[in-house]
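Taking it in order: structure first as structure tokens, then the write-up.
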Amino acid sequence: MGIKENSNRIREINKVLWIILALNFAVSIMKLIVGYTISSSSMVADGFHSFSDGSSNIVGLVGTALASRPADESHPYGHKKFETFTAIGISFLLFIVSINIIKSGIAKLTSPIIPQVDVYSFVVMIITMAINIFVIIYETREGKKLNSDILVSDAIHTKSDVYVSLSVILSLIAVKLGYLILDPIISFIISIMIIKAGINILANSSKVLCDAAVVDSKKVVEVVSGINGVLNCHQVRSRGREDDFSLDLHILVDPSMSVEESHKLHHVIEKEIRKHFSGVHYINIHIEPLKIKEISTSH
């Protein structure tokens, strides 16, 4: 990915994050105003939960700013892993939110507070939940289109908001029907779902930081082995992110091949790899002569 192309990508990611940030703060303010008005602790907690989403958007903006910096002497492979680090930060925000929900649920069990539920509280929760559903669809679509860890992980984060908002609506209905204990029980279930979402983000981000294989080595061997002049392809390794990864491989060629011919073959292989694997950035091809014994056994 070129500098200009990457710059446009970062600009588009930031645009999405600013839109989501504005929506998250709008949702948070609506929940907090109504929550305090009707004395609903669950709605107030949900409001602060939405406020934390805005904080994760700010973290995302910082992450993309760091990731957009070009490669330098200290970071010859660029700074894109900062975006992955930011995704991990969002996963920890999810863990913190879930712990707070559990604490709130325990507090409701020990000291129950009966909120003054009215029609406005339901209307606000339904509107804010609709906004969150829009955010999930929009952010997931843009995240996949732009290959952004931050947008995809933040969309997963927002899914937890829908679950939390749904639990608040159910708890308000339960209060109306006189089943106060359902409020904390539902919040415990939701907290488990949020923890699961955080674990998924952490697992996917860890694969990048731990240099897990990005592409199937067999597919690379299949592509390279079909090129005229390549007698064998092996030791294929890949690491990085799906949209920006490095690829190492060894190939065996006829020992009589000249340096100039092997250099031309190198360019042909690189061009073919880029055609089949769009996310590859760095390609390291080690060319070896095929031994005479190996030539005789291969025929």
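The backbone N, Cα and C atoms fix where each Cβ goes, glycine too.
No curator has checked TrEMBL annotations; they are predicted automatically.
The transmembrane segment feature in TrEMBL is assigned to 16-34 (among others).
Feature annotation from TrEMBL assigns domain 'Cation efflux protein transmembrane' to 17-210.
Residues or ranges marked as transmembrane segment in TrEMBL: 85-107 (among others).
Per TrEMBL, transmembrane segment is recorded for 119-139 (among others).
The annotation transmembrane segment is assigned in TrEMBL to 160-179 (among others).
Taken from TrEMBL, the feature domain 'Cation efflux protein cytoplasmic' applies to 217-289. Confidence over the domain 'Cation efflux protein cytoplasmic' (217-289), given as mean pLDDT on the 0 to 100 scale, stands at 92.
Listed by sequence, the residues of this chain that lie at least six past the ends of the transmembrane segment (160-179) yet keep a Cβ under 8 A from its Cβ atoms are 27, 40, 42-43, 46, 49-50, 53, 94, 97, 101, 114-115, 117, 121-122, 125-126, 128-129, 132-133, 136, 186-187, 189-190, 193-194, 197. Long-range Cβ contacts of the transmembrane segment (85-107) within its own chain (Cβ-Cβ under 8 Å, at least 6 residues beyond either end) map to 41-42, 45, 48-49, 52, 55-56, 59-60, 62-64, 66-67, 149-150, 153-154, 157, 160, 164, 183-185, 187-188, 190-192, 194-195, 197-199, 201-202, 204-206, 209.
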